[in-house]
Amino acid sequence: MDFPRGLLVAWTLSLWPGFTDTFNMDTRNPRVIAGPSAAFFGYTVQQHDISGKKWLVVGAPMETNGHQKTGDVYKCPVTQGNCTKLNLGRVTLSNVSERKDNMRLGLSLATNPKDNSFLACSPLWSHECGSSYYTTGMCSRANSNFRFSKTVAPALQRCQTYMDIVIVLDGSNSIYPWVEVQHFLINILKKFYIGPGQIQVGIVQYGEDAVHEFHLNDYRSVKDVVEAASHIEQRGGTETRTAFGIEFARSEAFQKGGRKGAKKVMIVITDGESHDSPDLEKVIRQSEKDNVTRYAVAVLGYYNRRGINPETFLNEIKYIASDPDDKHFFNVTDEAALKDIVDALGDRIFSLEGTNKNETSFGLEMSQTGFSSHVVEDGILLGAVGAYDWNGAVLKETSAGKVIPHRESYLKEFPEELKNHAAYLGYTVTSVVSSRQGRVYVAGAPRFNHTGKVILFSMHNNRSLTIHQALRGEQIGSYFGSEITSVDVNDDRVTDVLLVGAPMYFSEGRERGKVYVYNLRQNRFVYNGTLKDSHSYQNARFGSCIASVQDLNQDSYNDVVVGAPLEDSHRGAIYIFHGFQTNILKKPMQRITASELAPGLQHFGCSIHGQLDLNEDGLVDLAVGALGNAVVLWARPVVQINASLHFEPSKINIFHKDCKRNGRDATCLAAFLCFIPIFLAPHFQTATVGIRYNATMDERRYMPRAHLDEGGDQFTNRAVLLSSGQEHCQRINFHVLDTADYVKPVAFSVEYSLEDPDNGPMLDNGWPTTLRVSVPFWNGCNEDEHCVPDLVLDARSDLPTAMEYCQRVLGRPAQDCSSYTLSFDTTVFIIESTRRRVAVEATLENRGENAYSAVLNISQSENLQFASLIQKDDSDNSIECVNEERRLHKKVCNVSYPFFRAKAKVAFRLDFEFSKSVFLHHLQIHLGAGSDSHEQDSTADDNTALLRFHLKYEADVLFTRSSSLSHFEVKANSSLESYDGIGPPFNCVFKVQNLGFFPIHGVMMKITVPIATRGGNRLLMLRDFFTDQGNTSCNIWGNSTEYRSTPTEEDLSHAPQRNHSNSDVVSIICNLRLAPSQETSFYLVGNLWLTSLKALKYRSLKITVNAALQRQFHSPFIFREEDPSRQVTFEISKQEDWQVPIWIIVGSTLGGLLLLALLVLALWKLGFFKSAKRKREPGLGPIPKELK
């Protein structure tokens, strides 16, 4: 249906099913049908339909019939009443000597849905053959009315003792004594295996005439035959008509009671030549034609007693015996000696027993046919695990006959060298259908190579097989292939999944079991993982039974149920796996344990069947076998509740107050809550279901913004009855008062559930039971309700440029600063030594419409740490930053949440501290403004501000020097011996200490030491140089040793200052790296060269060692003074006798006297030598005496 504009429908959860321990199989009301536990009632179970009435067919393979444990099958009504034994264990197979004790009838059951018949098998049914019992197995078919209709025994073959033996006995007068002949008869008859399907014996006595002592079918046991033979009297006669007796036996004895196909054996016993020997040739020819094997016994008593040569007699008897004579001819000395040939005669008659070279003679004797069974279109597949020396086989019984594949047909997958492994092929049988190959049979061999194997094959009427594919197990002893099930998930008559059980798979120290999943892909089954059992590690034998069942959860896909009969301490459990599309979901939808159904259940899950609706409610039900019980689990209908919610009006306009609530103006709205139930099963399209629901407003807020008119912010436990397919709606009135947050929508939550979850319909697994819909606030923007902001961000820092630093800090004029900045990039900014922070002044302005959820994103380079944000104005707008420890160099700040108003502006200051651990040659600060409202691209360029500066750092260092020698006086009597033959020693130290915040690098220390004059005279010798920092690398340049040892005359009085500008020097250059507060010292150790200092001409001499700090070309550090330097000066003075010439002394004296005379003359001319007399002023008194 179409809803009006503004309808909000909840997003439902995915329909893909999830996990649950309780779904739609009812565990509260099971039907538990009890039977005899000792009979293993429940070992197999099948659902059965007879004219609409539902039954369970339950196998009890250890059931007793009379004194024998034959096993049997019960029919059980599914609703009420007791089970009835069908007495199929009393069924007898004629014409065989059968043994029915422990034949395990009901060990396998197979139903035929076409005619509602079923097959119950007795794989251990056996019959007697000679000295052996052959366990060939047998199955009994019952019709739809549970009545026996047919015996199926394809492995049953005629015994090698299937013989009709006629003894032709000479009873003429010459036979004596007769009692010895009777003893011979009794002894030889006791060696015969007489019984149905084995040996029949008839006796003909002849002389002059021939009579039947008894016919072949007169007696069916050794006891009866021996009893009858013991009463045979000698009939006598004067003639011995052996030819007549043989013909009589051939033509009459083999016809009266003889069996078709039975081997004909004739034993002729006589004591003399025949009176009708001319007829022997014809008689023997007729016997050969009838395939009568003849054993002839010549009794020589008559000849020996009379001393007659028996040669002619013996030749006649040999002629009567079949060829070769050595195997068919016997002679004894007399009648008493007949007892001596009993064993030999018996052995020769049965010489072929057990050694027949027919290819199947040893193949099917122990086949145990019916160990597994499976109904197909044209017959029945039967597993024969004991066939071919227990390698196993699969036989097929059809209306046209039976198909028994040759042993060689299996050799491709079951090679001869592994025949002693007892593969047990046929342990389970099933079939699959592919679009290309049609029906393909599947059989498991769980003991093949100890790991198990499954083969997929086609069977042909010429007894050959075509094996299409083989699947192999992975673990020794896991019994892979002991259970196999094919699944047509989507019901398109093509198999989608093949499941293979390995119930003894060992995992986590337990026999947990495993079920392998194979999907059909291009007519081959491809491994696709395993089904999941419970996570409780126990001996469960998960996969002992796997059943493909009809759609249980009514989603149109067939499902699978897996039994774990040993789980939960042998109480047992079953797992229900749902089908989906062409797959079986790996995780169980429901796990049902025996303990939750009824007390005392054991081995629950040993058999499973689910194909019929047993209680006429339109749903498929489950039948599960347990030890001594059969359990019926009823399916519950599945319903889907579709919930929807819409509001009138569709948005909350807090600027429009249209009602009063609790005396306050409010905005009133209505919510319409609607439910539509959908039953998945067609049978329930007119059903009803009751639900209960709760409604809550703004459930996740401590103070809800919306309230229900009925009071509060929620109401609970409302009940409503819904009809299938019909919509039911309810109006819920609510209101909104003033709120500060009108950006986030108001959430309206509804939780609903079935009114009676334990009975009636079941809510579909995975179907949502919660509906959350939000009603938004009107945003106050233009008519299309789409806000378009225009954010403008501006930012600048307080860092000085190189020019500003030069003028303000260094105090230089602009002209000098122009040349100062030439060594830097014009974009370089200077970090003064006292600076620890960087400040950014910024403004954010919204020149457009409201910006909802506006944010300011702040990020900085790693050498900065965010310190603070200070708002600079008193506007209503605010900025609040969120601390995120995981994002150290990023910060997100909310601007005037929930929205930044149109035409609003906010100014703020950002402070960043320099990092103590990260040092970079640049810094970067990025500011970006954004919001949930969409800004036009044409105005988005000014939403960001990027401050990126290349930096130079002002180094703050303390640079000092000290020296052990500052002045030395060279005296004439100065001796070198007191100075180790060199001169006075000195020790200079230059110390540099980093007083700043940043680590210093890219700086060199250059020390120049004057070593000698330009004339080659040594001034001092540098003996050693070292530093106190191991990470300081230094290079020394210049020659400090190769100067002349004898000084030459050189006058230094005109240039007494000796330094790097006028002397040969040694230069020491070191790379300097200093962490904050770290210091390093440079040490120079040497001696003044006294020999030269005494020889050179000077009065006073100063030798200066200079140390200067120099920045490298790309160094990030600068100094306030250009290349700061420190000097150490050695001041040297010299005492010496000066010889002045006489003419200089005389000239100087006369010159001095002349100069004195001229000075006196000048003073005289000026009146310097006259007395000064003052005139007294009038009025003055006399001059004081003291003044005079």
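Each residue, glycine too, has its Cβ placed from N, Cα and C.
Secondary structure from DSSP puts N490 (Ca(2+) 1 binding site) in coil. Under the heading Ca(2+) 1 binding site, Swiss-Prot lists D488, N490, D492, D496, citing similarity to another entry as support.
The Ca(2+) 2 binding site annotation in Swiss-Prot covers D551, N553, D555, D559, and the record cites similarity to another entry as its basis. For D551 (Ca(2+) 2 binding site), the same-chain residues lying six or more positions away in sequence with a CB closer than 8 A to its CB are Y557, N558, D559, G579, V620.
Annotated N-linked glycosylation site per Swiss-Prot: N82 (among others), in sequence order. Residues within less than 8 Å, Cβ to Cβ, of N82 (N-linked glycosylation site) and separated from it by at least 6 positions along the same chain comprise C76.
On its own chain, N331 (N-linked glycosylation site) has V297, A298, V299, L300, L314, I317 as residues at least 6 apart in sequence with a Cβ closer than 8 Å to its own Cβ. Per Swiss-Prot, the feature N-linked glycosylation site maps to N331 (among others).
The feature N-linked glycosylation site is assigned by Swiss-Prot to N358 (among others), with sequence analysis given as support.
Here Swiss-Prot flags N449 (among others) as N-linked glycosylation site, drawing on sequence analysis. In the three-state DSSP classification, N449 (N-linked glycosylation site) falls within a helix. The Cβ of N449 (N-linked glycosylation site) has L418, H421, A423 as same-chain neighbours under 8 Å, each 6 or more residues away in sequence.
Residues or ranges marked as N-linked glycosylation site in Swiss-Prot (evidence: sequence analysis): N462 (among others). The Cβ of N462 (N-linked glycosylation site) has 9 other Cβ atoms within 10 Å, all protein chains considered. DSSP assigns N462 (N-linked glycosylation site) to coil, not to a helix or a strand.
Under the heading N-linked glycosylation site, Swiss-Prot lists N528 (among others). Non-local contacts of N528 (N-linked glycosylation site) by the CB criterion (under 8 A, 6+ apart in sequence, same chain) comprise V517, Y518, N519, N583. DSSP gives N528 (N-linked glycosylation site) a strand state.
Annotation source Swiss-Prot lists N-linked glycosylation site at N642 (among others), citing sequence analysis.
If you look up Swiss-Prot, you'll see N694 (among others) marked as N-linked glycosylation site. Same-chain residues at least 6 positions away in sequence with a Cβ under 8 Å from that of N694 (N-linked glycosylation site) are, in sequence order, Q714, F715, T716, N717, R718, V750, E751, Y752.
Secondary structure at N857 (N-linked glycosylation site), as computed by DSSP, is strand. Taken from Swiss-Prot, the feature N-linked glycosylation site covers N857 (among others).
According to Swiss-Prot, the N-linked glycosylation site annotation covers N1031 (among others), on the basis of sequence analysis. A C-beta separation below 8 Å, combined with a sequence spacing of at least six in one chain, links N1031 (N-linked glycosylation site) to R1073.
All protein chains included, N1039 (N-linked glycosylation site) registers 11 other Cβ atoms within 10 Å of its own Cβ. According to Swiss-Prot, the feature N-linked glycosylation site maps to N1039 (among others).
DSSP assigns N1059 (N-linked glycosylation site) to coil in the three-state reduction, outside any helix or strand. Counting every protein chain shown, the Cβ of N1059 (N-linked glycosylation site) has 17 other Cβ atoms within 10 Å. Residues or ranges marked as N-linked glycosylation site by Swiss-Prot on the basis of sequence analysis: N1059 (among others).
For 355-406, the entry in Swiss-Prot reads repeat 'FG-GAP 3'. Summarised as a single figure, the pLDDT of the repeat 'FG-GAP 3' (355-406) averages 85.
Per Swiss-Prot, the feature signal peptide maps to 1-22; the stated evidence is sequence analysis.
Of all the recorded positions listed (N553, N857), N857 has the fewest other CB atoms within 10 A of its CB. Straight-line distance linking the Cα atoms of N857 (N-linked glycosylation site) and N642 (N-linked glycosylation site), rounded to a whole number, equals 43 Å. When the binding-site residues D488, D492, D496, D555, D559 are compared by the number of other C-beta atoms lying within 10 angstroms of their own C-beta, D492 comes out lowest. Distance between Cα atoms for D488 (Ca(2+) 1 binding site) and N462 (N-linked glycosylation site): 30 Å, as a whole number. Considering only the recorded positions N553, D555, N642, the residue whose Cα is spatially closest to the Cα of N490 (Ca(2+) 1 binding site) is D555. Highlighted in sequence order, L552, Q554, S556, Y557, N558, H578, G579 have their Cβ within 8 Å of the centre of the Cβ atoms of D551, N553, D555, D559, the residues recorded for Ca(2+) 2, and are not part of that set. In the three-state DSSP reading, D551 (Ca(2+) 2 binding site) counts as coil. N642 (N-linked glycosylation site) sits 18 Å from N553 (Ca(2+) 2 binding site), taking the CA atoms of both as reference points. Of all the Cβ atoms in the protein chains shown, 16 others lie within 10 Å of the Cβ of N642 (N-linked glycosylation site).
Same-chain residues with CB within 8 A of the center of the D488, N490, D492, D496 CB atoms, the Ca(2+) 1 site residues themselves not counted, are V487, V489, D491, R493, V494, T495, N558, T582.
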